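Engineer: Pasting the feature list from Swiss-Prot:
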type	residues	note
BINDING	21, 22, 23, 24, 25, 26, 27, 28	ATP binding site
C-alpha cells in the first residue's frame, strides 16, 4: 500500500530508495526529498510473490543451473521494483526524481573471498521506470578490502547524529547492524549477528507463517539458558572484532540445526523461538557493551516486534526506543538510506567509510545505469 506523506509542496531534489532485505518478506520503497534535511514524501511496501521468494531463498545455496535461475529472478525483482517506483511517483506526482537507489537482493556475501552478490537488473529497471538507476553499492567497498556492509551508518549519522551525546542506531532486519555515533567523530558500524533471518525461518518451518507476528509465538515459550550459552559460545563469528559483516550464508536454518544437534538439548519449537529472540538481544548487548552510549534507537522489522524490544530493554543499561520516537518511521529507514546513497553517488561523495567496513579508504559506492 502506497502512503503519501504530508509535507511542504516544494518538490525539491528527489530520490527513490528501494530495499529488499535478508528476510525477503517484501520490497520497501520510499520517495525522499534531499535538498536539505531528508523529507519523506511517499512510501510503499510490496509483497514478494511466493514463487519469487522461494527462488531467492534457494539461490542462497548452491544448486543446478544457478546462473539461469538467478538472471530470471533478477528480472522479476526489477519488475517488482518498477511497480514500486510507479506507485511512489503516483503518490507524489510533483516530485522530480533524479535517480533510483536500488539495492537488489543479497544471495551471497563473502567479503573474505572478495565478492558479494546482490541480484538485480538495474538496466531493466532504468528502462521500465525511465529514471537513472544507481545500484551495486557494495562491490566497490569489497574491492577496497572492506566488508561491503553495513552501508547505512553514514545515513544514520545524517539522520540521528549531532545530538551532543554518544548514541547508537540499531537496524534489525534479517541481520542486525549497529551504528555508533559520537560527537566530533566519524560514525562506526558493524553487523551484530542474526535477527529476523533465524526467527522468520524457524517460525515458518514450524508454523507455516512467514514471521512471528508481534513475537506472540515466542511469548508462549521460555528462554533456554543452556541453548543461549551454547549458541553464544560455540560460534566463532560472535567473537570476531569489528569491522565485520555476515548474512544468510552463515546464519541460516542449517546453522541452527547444527547447533541444536551439538547442544544435545531437546526443546519445544516455542522455546527455541524464545531463545532466538534473546540471542538477538544478547548479541547486540555484547557488541556494544564497551561503548558509552546514552540511548539506542531501533529501526527495521525487529523494531515492530515487542518481544525483541523488551529483550533489548532488559539486556541494555540505556533507554531503548524505536526511531519513530524521533519522527523517522523505522520501517522505512533502510529504504531511505538507499535513496540517500543514490544521491551520494550522483554527487560523487564517498559513502563507504573505513571505520565501518574496514576498507582501505573512503569510496564512492554504486554504479550508474542511465535511463537514456
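Keep in mind that glycine also has a Cβ here, set from the backbone N, Cα and C atoms.
Keep in mind that what you see is a predicted model, and the values were worked out from it rather than measured.
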Engineer: Have a look at the binding-site residues (25, 28) and report the one with the fewest Cβ neighbours inside 10 Å.
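Structural biologist: Among the binding-site residues 25, 28, the lowest count of other Cβ atoms within 10 Å belongs to 25.
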Engineer: Tell me, how many other CB atoms lie within 10 A of the CB of residue 24 (ATP binding site), whichever protein chain they belong to?
Structural biologist: 23
Engineer: For ATP, what surrounds 21, 22, 23, 24, 25, 26, 27, 28 with a Cβ no more than 8 Å from their Cβ centroid?
Structural biologist: 19, 20, 48, 173, 174, 301
Engineer: Taking the Cβ of residue 21 (ATP binding site) as the reference point, list residues of the same chain whose Cβ is under 8 angstroms away and which are at least six residues distant in sequence.
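Structural biologist: Set apart from residue 21 (ATP binding site) by at least 6 residues yet with Cβ under 8 Å, we have 28, 173, 174, 300, 301, 334.
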Engineer: Which residues, sitting 6 or more apart from residue 22 (ATP binding site) on the same chain, put a CB under 8 Å from its CB?
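Structural biologist: Set apart from residue 22 (ATP binding site) by at least 6 residues yet with Cβ under 8 Å, we have 106, 173, 174, 175, 196, 197, 247, 248.
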Engineer: Show which residues of the chain containing residue 23 (ATP binding site), separated from it by at least 6 in sequence, have their CB under 8 Å from its CB.
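Structural biologist: For residue 23 (ATP binding site), the qualifying residues are 173, 174, 196, 197, 200, 211, 301.
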Engineer: Return the residue, from the listed binding-site residues 26, 27, with the maximum count of other C-beta atoms within 10 angstroms of its C-beta.
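Structural biologist: That would be 27, with the most Cβ atoms nearby.
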Engineer: I want to verify one value. Collapsing DSSP to three states, which class is residue 24 (ATP binding site)?
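Structural biologist: Going by the DSSP assignment, residue 24 (ATP binding site) belongs to neither helix nor strand, so it counts as coil.
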